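*Asks:* Before I ask anything, here is the structure I am working with.
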Amino acid sequence: MEAKNARTKIIFFTIGILLLLLLSILASLRIGTASIDFETIFLSFFSSEETKDMLIIQNLRVPRTLIAVIIGASLAIAGAIMQAITLNPLASPQIFGVNAGASLVVVISTVLLPSISPSSLVYFAFIGSVLGGSIVYYMASTGGGTSPIKLALAGITVHLFLSAIIEGIVLFNEDSTESVLFWLAGAIDATSWADVKTIWPWATVGILLAILLARQLTILGMGDDTAQGLGQNVTAIRLCFSLLVVILAGASVAVAGPIGFIGLIIPHIVRKLVGVDYRVIIPLSGLFGALLLVSADVLSRFIAFPAESPVGIVTAMLGAPYFLYLARKGGREA
């Protein structure tokens, strides 16, 4: 009976998220400097006519909304993976230094290679993700092993240090880094179909593999001894999923900058609602993450209307209080 109730709860939760995601997508397509009615939105997909409003939908708002869906899902799933492989509810791409490392290497590559293409930036972001995450993990694991608070402190320290380096690079290279200033706050307003083309192969591979391998995450969550007793190669599993985190978070940062807190709060909320089965947590985190980022992007359009604000400002406003709540609890599940 309990299992049936749990399945029913998951089904209703999934339907609810899908409906809210659909509404947020419609709002994203409609709301902006130019308010466009739903009839025009509909016709922009099926009519051969090309009015100004239709071109805005086709060339600006559709790719922007797709980017929000893809990156929101990618960051949320990356966060869920990190929390599973580290057994740490405070783990996320931002807290673990992945975002900051990717941002630093992307900024450096922009300065040294000003003509670099967006698709090439993804590879530099991957390198930075590995470096940032490795530094944080090394710092957190010294002196008696890791703990949620040690991980958070190490992550914040590395984040501040790498951010200071980024600020120094930007300060002394204003001409070549002017275009990345808005990007550093986490922005998707200037994204285009080229950005969709850049990120979708990486995101698709990362998300599909995470869903297909989610059972191994559930087993890993039982503890290393139990996982090994069930015939799992714990080291190989952690390495495989770490690569998925690099792919998902690195590609997201390369396109939209270091958007924070989605990878922290979404998996935590989903796990509270549906339990510890990652076959459920992974896809629902993806949907919930997409919903949060699309909604945050819509809200960001009102902060300094009619000017655009980075979506990272909204996610930080939502995520920072939740992070403080988790840190105060010492990283324990509520």
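Quick reminder: no glycine exception, Cβ is built from N, Cα and C everywhere.
The annotation transmembrane segment is assigned in TrEMBL to 65-84, 96-116, 122-139, 151-172, 199-218, 239-266, 278-299, 311-328.
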*Asks:* Please indicate, using numbers and ranges, the residues of the same chain that are 6 or more beyond the transmembrane segment (151-172) and have a C-beta under 8 Å from a C-beta there.
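*Replies:* Distal contacts: 86, 88, 90-91, 94-97, 99-101, 103-104, 107-108, 111, 132, 135-137, 139-140, 180-181, 184, 327, 331.
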*Asks:* Per the definition of 3+ C-beta pairs under 8 A with sequence separation of 6 or more, do the transmembrane segment (122-139) and the transmembrane segment (239-266) touch?
*Replies:* yes
*Asks:* Suppose I define contact as three or more CB-CB distances under 8 A, residues 6 or more apart in sequence; do the transmembrane segment (199-218) and the transmembrane segment (96-116) meet it?
*Replies:* no
*Asks:* As a test: from 65-84, 96-116, 239-266, pick the stretch that has the greatest number of Cβ pairs under 8 Å with the transmembrane segment (278-299).
*Replies:* 65-84
*Asks:* So if I exclude everything within five residues of the ends of the transmembrane segment (311-328), which remaining residues of that chain have a CB under 8 angstroms from its CBs? That is, six or more out.
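*Replies:* Residues 68, 89-90, 95, 148-149, 152, 185-189, 256-262, 264-265, 268, 292-293, 296-297, 299-300, 303 contact the transmembrane segment (311-328) from elsewhere in the chain.
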